[in-house]
Amino acid sequence: MKVWLLLGLLLVHEALEDVTGQQPPKNKRPKEPGENRIKPANKKAKPKIPKIKDRDAADATPKTQSIMIQMLDKGRFQKPAATLSLTAGQTLELRCKGNKIGWSYPAYLDTFKDSRLSVRQHERYGQLTLVNSTAADTGEFSCWGQLCQGYLCRKDETKTGSTYIFFTEKGELFVPSPTYFDVVYLNPDRQAVVPCRVAVLPAKVTLHREFPAKEIPANGTDIVYDMKRGFVYLHPHSDQQGVVYCKAEAGGKSQISVKYQLLYVEVPRGPPSTTIWASSNRVRLGDDISVLCTVLGEPDVEVEFRWLYPGQTDERPVTIQDTWRLIHRGLGHTTRLSQSIMTMEDFETADVGYYICTAQNLQGETTVATTVELS
(Lines of atoms letter the chains of each structure in order from A; the text may use other names.)
(Lines give C-alpha, C1' and ligand atoms only; values in the text may rest on other atoms or scores of the structure.)
Protein backbone atom coordinates (compact mmCIF):
# COMPACT_ATOMS: atom_id res chain seq x y z
CA MET A 1 0.00 0.00 0.00
CA LYS A 2 2.82 2.34 0.89
CA VAL A 3 4.57 1.46 -2.34
CA TRP A 4 1.59 2.46 -4.44
CA LEU A 5 1.25 5.74 -2.50
CA LEU A 6 4.90 6.65 -3.09
CA LEU A 7 4.60 5.77 -6.79
CA GLY A 8 1.57 8.09 -7.14
CA LEU A 9 3.37 11.01 -5.46
CA LEU A 10 6.35 10.61 -7.83
CA LEU A 11 4.07 10.74 -10.91
CA VAL A 12 2.35 13.91 -9.64
CA HIS A 13 5.73 15.60 -9.01
CA GLU A 14 6.97 14.84 -12.54
CA ALA A 15 3.74 16.19 -14.07
CA LEU A 16 4.10 19.45 -12.12
CA GLU A 17 7.68 19.90 -13.35
CA ASP A 18 6.59 19.46 -17.00
CA VAL A 19 3.89 22.13 -16.62
CA THR A 20 6.13 24.71 -14.94
CA GLY A 21 8.84 24.12 -17.57
CA GLN A 22 6.67 25.24 -20.53
CA GLN A 23 6.86 28.99 -21.44
CA PRO A 24 4.03 30.81 -23.25
CA PRO A 25 4.87 32.07 -26.78
CA LYS A 26 6.48 35.48 -26.69
CA ASN A 27 4.13 36.97 -29.32
CA LYS A 28 0.93 35.97 -27.58
CA ARG A 29 -0.71 37.62 -24.64
CA PRO A 30 -2.06 35.55 -21.72
CA LYS A 31 -5.58 34.39 -22.10
CA GLU A 32 -8.12 36.45 -20.22
CA PRO A 33 -10.60 34.62 -17.97
CA GLY A 34 -13.57 33.46 -19.97
CA GLU A 35 -11.93 34.35 -23.31
CA ASN A 36 -12.38 31.92 -26.17
CA ARG A 37 -9.56 32.23 -28.67
CA ILE A 38 -10.90 29.59 -31.01
CA LYS A 39 -13.14 30.92 -33.79
CA PRO A 40 -16.11 28.81 -34.73
CA ALA A 41 -15.14 26.72 -37.75
CA ASN A 42 -18.57 27.03 -39.42
CA LYS A 43 -18.71 30.89 -39.40
CA LYS A 44 -17.82 32.49 -42.76
CA ALA A 45 -16.44 36.01 -42.99
CA LYS A 46 -18.60 38.36 -45.08
CA PRO A 47 -16.66 39.41 -48.19
CA LYS A 48 -16.25 43.16 -48.62
CA ILE A 49 -17.63 44.31 -51.96
CA PRO A 50 -16.17 47.56 -53.26
CA LYS A 51 -18.75 50.28 -53.78
CA ILE A 52 -19.67 50.87 -57.39
CA LYS A 53 -20.74 54.35 -58.44
CA ASP A 54 -24.19 54.77 -59.84
CA ARG A 55 -24.14 54.10 -63.57
CA ASP A 56 -26.38 57.03 -64.21
CA ALA A 57 -24.05 59.41 -62.39
CA ALA A 58 -21.91 59.85 -65.48
CA ASP A 59 -24.94 60.56 -67.60
CA ALA A 60 -26.57 62.94 -65.12
CA THR A 61 -26.96 66.58 -66.09
CA PRO A 62 -24.40 68.80 -64.32
CA LYS A 63 -25.83 70.52 -61.28
CA THR A 64 -26.72 74.17 -61.72
CA GLN A 65 -24.56 76.51 -59.66
CA SER A 66 -26.17 79.71 -58.38
CA ILE A 67 -23.85 82.62 -59.10
CA MET A 68 -26.08 85.49 -57.87
CA ILE A 69 -25.72 87.43 -54.62
CA GLN A 70 -27.61 90.45 -53.32
CA MET A 71 -25.51 93.24 -51.81
CA LEU A 72 -26.83 94.68 -48.55
CA ASP A 73 -25.74 97.67 -46.51
CA LYS A 74 -22.31 97.96 -44.82
CA GLY A 75 -20.69 95.47 -47.19
CA ARG A 76 -22.94 92.56 -46.23
CA PHE A 77 -24.38 90.22 -48.85
CA GLN A 78 -26.66 87.19 -49.15
CA LYS A 79 -27.86 84.67 -51.70
CA PRO A 80 -31.32 85.90 -52.74
CA ALA A 81 -34.32 83.65 -52.24
CA ALA A 82 -36.60 82.65 -55.13
CA THR A 83 -38.80 85.64 -54.23
CA LEU A 84 -37.89 88.85 -52.44
CA SER A 85 -40.03 91.69 -51.11
CA LEU A 86 -38.38 95.13 -51.01
CA THR A 87 -39.78 98.55 -50.20
CA ALA A 88 -40.07 100.90 -53.18
CA GLY A 89 -37.31 103.49 -53.11
CA GLN A 90 -34.65 101.03 -52.00
CA THR A 91 -31.52 100.56 -54.11
CA LEU A 92 -31.15 97.08 -55.54
CA GLU A 93 -27.66 95.74 -56.25
CA LEU A 94 -27.14 92.25 -57.62
CA ARG A 95 -23.83 90.64 -58.51
CA CYS A 96 -23.14 87.49 -60.48
CA LYS A 97 -19.77 85.76 -60.46
CA GLY A 98 -18.01 85.49 -63.82
CA ASN A 99 -16.00 87.50 -66.32
CA LYS A 100 -18.78 87.43 -68.95
CA ILE A 101 -22.30 87.78 -67.52
CA GLY A 102 -25.65 88.11 -69.31
CA TRP A 103 -28.66 89.74 -67.62
CA SER A 104 -32.44 89.69 -67.89
CA TYR A 105 -34.80 92.06 -66.05
CA PRO A 106 -38.37 93.43 -66.40
CA ALA A 107 -39.00 94.62 -69.96
CA TYR A 108 -40.43 97.83 -68.53
CA LEU A 109 -36.89 98.97 -67.69
CA ASP A 110 -35.65 98.23 -71.21
CA THR A 111 -38.61 99.69 -73.08
CA PHE A 112 -38.18 103.14 -71.61
CA LYS A 113 -34.34 103.04 -71.49
CA ASP A 114 -34.56 103.82 -67.80
CA SER A 115 -31.53 105.74 -66.49
CA ARG A 116 -32.16 104.35 -62.98
CA LEU A 117 -30.77 101.01 -64.16
CA SER A 118 -27.08 100.34 -64.77
CA VAL A 119 -25.42 97.07 -65.80
CA ARG A 120 -21.64 96.77 -65.63
CA GLN A 121 -19.10 94.03 -66.19
CA HIS A 122 -16.11 93.90 -63.85
CA GLU A 123 -13.13 91.60 -64.03
CA ARG A 124 -14.61 88.88 -61.83
CA TYR A 125 -18.32 89.66 -61.66
CA GLY A 126 -21.25 91.37 -63.37
CA GLN A 127 -23.16 94.07 -61.50
CA LEU A 128 -26.77 95.26 -61.84
CA THR A 129 -27.84 98.35 -59.89
CA LEU A 130 -31.35 99.85 -59.75
CA VAL A 131 -31.89 103.09 -57.82
CA ASN A 132 -35.15 104.78 -56.78
CA SER A 133 -37.12 101.56 -57.32
CA THR A 134 -40.90 101.64 -57.82
CA ALA A 135 -43.73 99.10 -57.88
CA ALA A 136 -43.49 99.12 -61.69
CA ASP A 137 -40.05 97.46 -61.40
CA THR A 138 -41.57 94.29 -59.92
CA GLY A 139 -40.48 91.22 -61.85
CA GLU A 140 -37.82 88.60 -62.54
CA PHE A 141 -34.13 89.50 -62.35
CA SER A 142 -31.76 86.82 -63.63
CA CYS A 143 -28.19 86.35 -64.77
CA TRP A 144 -26.07 83.65 -66.39
CA GLY A 145 -22.49 82.96 -67.32
CA GLN A 146 -21.54 83.04 -70.99
CA LEU A 147 -19.21 80.70 -72.86
CA CYS A 148 -17.59 82.61 -75.70
CA GLN A 149 -15.45 81.69 -78.68
CA GLY A 150 -14.43 84.89 -80.34
CA TYR A 151 -17.57 86.98 -80.85
CA LEU A 152 -19.94 84.01 -80.54
CA CYS A 153 -21.32 83.41 -77.04
CA ARG A 154 -23.81 80.91 -75.61
CA LYS A 155 -25.47 80.60 -72.24
CA ASP A 156 -23.76 78.43 -69.63
CA GLU A 157 -26.72 76.49 -68.22
CA THR A 158 -24.70 75.34 -65.18
CA LYS A 159 -24.02 78.87 -63.90
CA THR A 160 -27.18 80.90 -63.45
CA GLY A 161 -29.03 82.91 -60.83
CA SER A 162 -32.50 84.44 -60.54
CA THR A 163 -34.93 86.02 -58.12
CA TYR A 164 -38.42 87.50 -58.48
CA ILE A 165 -38.65 90.83 -56.62
CA PHE A 166 -41.81 92.52 -55.34
CA PHE A 167 -41.30 96.27 -54.86
CA THR A 168 -44.07 97.27 -52.46
CA GLU A 169 -45.29 100.85 -52.74
CA LYS A 170 -47.95 102.62 -50.70
CA GLY A 171 -51.27 102.71 -52.54
CA GLU A 172 -50.17 100.24 -55.23
CA LEU A 173 -51.39 96.64 -55.08
CA PHE A 174 -50.96 95.99 -58.81
CA VAL A 175 -47.83 96.48 -60.84
CA PRO A 176 -48.64 99.77 -62.63
CA SER A 177 -49.44 99.56 -66.35
CA PRO A 178 -48.32 102.21 -68.88
CA THR A 179 -51.83 102.17 -70.42
CA TYR A 180 -55.38 102.32 -69.10
CA PHE A 181 -56.66 99.72 -71.55
CA ASP A 182 -54.93 96.74 -73.14
CA VAL A 183 -55.76 94.04 -75.71
CA VAL A 184 -55.20 90.32 -75.11
CA TYR A 185 -55.54 87.96 -78.07
CA LEU A 186 -57.07 84.53 -77.54
CA ASN A 187 -55.48 82.00 -79.88
CA PRO A 188 -56.78 78.40 -79.76
CA ASP A 189 -53.31 76.88 -80.16
CA ARG A 190 -51.50 78.66 -77.34
CA GLN A 191 -51.99 80.14 -73.87
CA ALA A 192 -53.19 83.71 -73.34
CA VAL A 193 -52.24 85.86 -70.34
CA VAL A 194 -54.14 88.69 -68.66
CA PRO A 195 -51.05 90.34 -67.10
CA CYS A 196 -52.46 91.73 -63.85
CA ARG A 197 -49.51 91.08 -61.56
CA VAL A 198 -49.39 92.27 -57.96
CA ALA A 199 -46.63 94.18 -56.17
CA VAL A 200 -47.65 92.83 -52.76
CA LEU A 201 -46.88 89.17 -52.09
CA PRO A 202 -49.85 88.18 -49.86
CA ALA A 203 -52.49 89.91 -52.04
CA LYS A 204 -55.60 87.96 -53.04
CA VAL A 205 -56.40 88.44 -56.76
CA THR A 206 -59.64 87.68 -58.59
CA LEU A 207 -60.69 88.02 -62.24
CA HIS A 208 -63.96 89.69 -63.28
CA ARG A 209 -65.99 90.19 -66.46
CA GLU A 210 -67.29 93.72 -67.01
CA PHE A 211 -70.52 92.74 -68.76
CA PRO A 212 -72.40 90.82 -67.67
CA ALA A 213 -70.76 91.65 -64.34
CA LYS A 214 -69.48 88.49 -62.64
CA GLU A 215 -66.37 86.90 -61.21
CA ILE A 216 -64.53 84.47 -63.48
CA PRO A 217 -63.27 81.53 -61.40
CA ALA A 218 -59.64 80.44 -61.76
CA ASN A 219 -60.47 76.74 -61.50
CA GLY A 220 -57.04 75.39 -62.43
CA THR A 221 -58.44 73.65 -65.50
CA ASP A 222 -59.26 76.48 -67.91
CA ILE A 223 -57.74 79.42 -66.03
CA VAL A 224 -54.95 79.57 -63.41
CA TYR A 225 -53.34 82.47 -61.57
CA ASP A 226 -49.55 82.82 -61.68
CA MET A 227 -48.22 85.65 -59.49
CA LYS A 228 -45.32 86.15 -61.92
CA ARG A 229 -47.52 86.35 -65.05
CA GLY A 230 -51.16 86.99 -64.19
CA PHE A 231 -54.28 85.01 -65.12
CA VAL A 232 -53.35 82.34 -67.67
CA TYR A 233 -56.00 81.01 -70.08
CA LEU A 234 -54.80 77.46 -70.73
CA HIS A 235 -57.17 76.60 -73.58
CA PRO A 236 -58.57 79.85 -75.06
CA HIS A 237 -61.87 79.76 -76.98
CA SER A 238 -64.25 82.31 -78.46
CA ASP A 239 -66.70 82.21 -75.50
CA GLN A 240 -64.06 83.84 -73.30
CA GLN A 241 -63.82 87.09 -75.27
CA GLY A 242 -65.00 90.38 -73.80
CA VAL A 243 -63.76 93.04 -71.39
CA VAL A 244 -62.25 91.83 -68.09
CA TYR A 245 -60.40 93.36 -65.14
CA CYS A 246 -58.69 92.14 -61.97
CA LYS A 247 -59.30 92.96 -58.32
CA ALA A 248 -56.65 92.74 -55.59
CA GLU A 249 -57.18 92.75 -51.82
CA ALA A 250 -54.48 93.05 -49.13
CA GLY A 251 -54.27 94.60 -45.68
CA GLY A 252 -57.92 95.63 -45.70
CA LYS A 253 -57.51 97.55 -48.97
CA SER A 254 -58.66 96.71 -52.49
CA GLN A 255 -57.72 97.94 -55.95
CA ILE A 256 -59.01 97.47 -59.50
CA SER A 257 -56.59 96.88 -62.39
CA VAL A 258 -56.72 98.37 -65.88
CA LYS A 259 -59.21 96.78 -68.26
CA TYR A 260 -58.33 94.13 -70.85
CA GLN A 261 -60.16 93.52 -74.11
CA LEU A 262 -60.05 89.80 -74.98
CA LEU A 263 -60.22 89.22 -78.74
CA TYR A 264 -60.44 85.79 -80.34
CA VAL A 265 -58.01 85.08 -83.20
CA GLU A 266 -59.05 82.79 -86.05
CA VAL A 267 -55.90 82.75 -88.18
CA PRO A 268 -53.38 80.03 -87.21
CA ARG A 269 -49.73 80.88 -86.57
CA GLY A 270 -47.39 80.49 -89.56
CA PRO A 271 -45.74 82.33 -92.45
CA PRO A 272 -47.80 85.15 -93.98
CA SER A 273 -50.79 84.27 -96.13
CA THR A 274 -50.07 86.67 -99.00
CA THR A 275 -51.87 87.81 -102.15
CA ILE A 276 -50.88 90.31 -104.84
CA TRP A 277 -53.07 92.34 -107.16
CA ALA A 278 -52.32 94.95 -109.82
CA SER A 279 -54.73 97.72 -110.73
CA SER A 280 -54.29 96.52 -114.31
CA ASN A 281 -52.12 93.85 -115.91
CA ARG A 282 -52.16 95.62 -119.31
CA VAL A 283 -51.18 99.28 -119.17
CA ARG A 284 -50.80 102.00 -121.79
CA LEU A 285 -47.75 104.22 -121.96
CA GLY A 286 -48.06 107.24 -119.68
CA ASP A 287 -50.69 105.68 -117.41
CA ASP A 288 -50.32 105.28 -113.64
CA ILE A 289 -50.32 101.84 -112.03
CA SER A 290 -50.68 100.46 -108.49
CA VAL A 291 -49.69 97.00 -107.22
CA LEU A 292 -51.15 95.85 -103.87
CA CYS A 293 -49.65 93.16 -101.61
CA THR A 294 -51.99 91.92 -98.83
CA VAL A 295 -51.54 89.67 -95.77
CA LEU A 296 -54.20 88.32 -93.41
CA GLY A 297 -52.72 87.18 -90.12
CA GLU A 298 -52.77 87.22 -86.34
CA PRO A 299 -53.57 90.56 -84.71
CA ASP A 300 -50.33 90.73 -82.73
CA VAL A 301 -47.93 89.55 -85.45
CA GLU A 302 -46.19 92.27 -87.45
CA VAL A 303 -45.42 91.87 -91.16
CA GLU A 304 -42.61 93.41 -93.20
CA PHE A 305 -42.74 93.83 -96.98
CA ARG A 306 -40.02 93.89 -99.67
CA TRP A 307 -40.43 94.68 -103.37
CA LEU A 308 -38.64 93.76 -106.60
CA TYR A 309 -39.77 95.43 -109.85
CA PRO A 310 -38.50 96.36 -113.34
CA GLY A 311 -36.40 99.48 -113.37
CA GLN A 312 -35.39 99.08 -109.73
CA THR A 313 -31.70 98.85 -110.59
CA ASP A 314 -32.07 102.10 -112.56
CA GLU A 315 -33.70 103.72 -109.49
CA ARG A 316 -37.07 104.13 -111.20
CA PRO A 317 -39.08 106.41 -108.85
CA VAL A 318 -42.00 104.68 -107.10
CA THR A 319 -44.07 105.34 -103.98
CA ILE A 320 -44.47 102.52 -101.40
CA GLN A 321 -46.84 102.80 -98.44
CA ASP A 322 -47.30 100.12 -95.73
CA THR A 323 -50.41 100.03 -93.51
CA TRP A 324 -52.26 97.65 -91.21
CA ARG A 325 -55.57 97.50 -89.33
CA LEU A 326 -57.64 95.02 -87.32
CA ILE A 327 -60.72 93.44 -88.86
CA HIS A 328 -63.46 92.23 -86.51
CA ARG A 329 -65.45 89.42 -88.10
CA GLY A 330 -68.46 87.42 -87.03
CA LEU A 331 -68.44 85.67 -83.61
CA GLY A 332 -65.86 88.15 -82.41
CA HIS A 333 -63.04 86.75 -84.54
CA THR A 334 -60.23 89.23 -85.21
CA THR A 335 -57.52 89.27 -87.87
CA ARG A 336 -54.80 91.71 -88.85
CA LEU A 337 -54.91 93.12 -92.39
CA SER A 338 -51.43 94.24 -93.47
CA GLN A 339 -50.95 95.87 -96.86
CA SER A 340 -48.15 97.34 -98.94
CA ILE A 341 -49.09 99.37 -102.02
CA MET A 342 -46.60 100.42 -104.66
CA THR A 343 -47.60 103.23 -107.01
CA MET A 344 -45.83 104.12 -110.25
CA GLU A 345 -46.59 107.15 -112.43
CA ASP A 346 -46.12 107.59 -116.19
CA PHE A 347 -45.71 103.94 -117.18
CA GLU A 348 -42.82 103.31 -119.60
CA THR A 349 -41.67 100.41 -121.74
CA ALA A 350 -38.92 99.67 -119.22
CA ASP A 351 -41.60 99.05 -116.55
CA VAL A 352 -42.95 95.94 -118.29
CA GLY A 353 -42.25 92.69 -116.40
CA TYR A 354 -42.63 90.97 -113.03
CA TYR A 355 -43.63 92.79 -109.83
CA ILE A 356 -42.57 90.66 -106.84
CA CYS A 357 -43.68 91.13 -103.22
CA THR A 358 -42.17 89.26 -100.24
CA ALA A 359 -44.00 89.35 -96.90
CA GLN A 360 -42.16 88.23 -93.76
CA ASN A 361 -43.04 87.60 -90.11
CA LEU A 362 -41.33 85.74 -87.27
CA GLN A 363 -42.56 82.40 -88.64
CA GLY A 364 -41.19 82.77 -92.16
CA GLU A 365 -41.81 84.54 -95.45
CA THR A 366 -43.99 84.20 -98.55
CA THR A 367 -43.28 85.55 -102.03
CA VAL A 368 -45.92 86.33 -104.67
CA ALA A 369 -45.66 87.94 -108.09
CA THR A 370 -47.74 89.39 -110.92
CA THR A 371 -46.89 90.60 -114.43
CA VAL A 372 -47.67 93.93 -116.05
CA GLU A 373 -47.57 94.33 -119.85
CA LEU A 374 -48.24 97.02 -122.44
CA SER A 375 -51.77 97.02 -123.71
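Glycine residues also receive a Cβ, built from the backbone N, Cα and C atoms like all the rest.
Here is what TrEMBL says about this protein:
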SIGNAL    1-21  signal peptide
REGION    20-62  region 'Disordered'
COMPBIAS  40-50  compositional bias 'Basic residues'
DOMAIN    272-375  domain 'Ig-like'
Run through the domain 'Ig-like' (272-375) and tell me, per DSSP, how many residues are helix, strand and coil.
6 helix, 64 strand, 34 coil
Average pLDDT across the domain 'Ig-like' (272-375)?
88
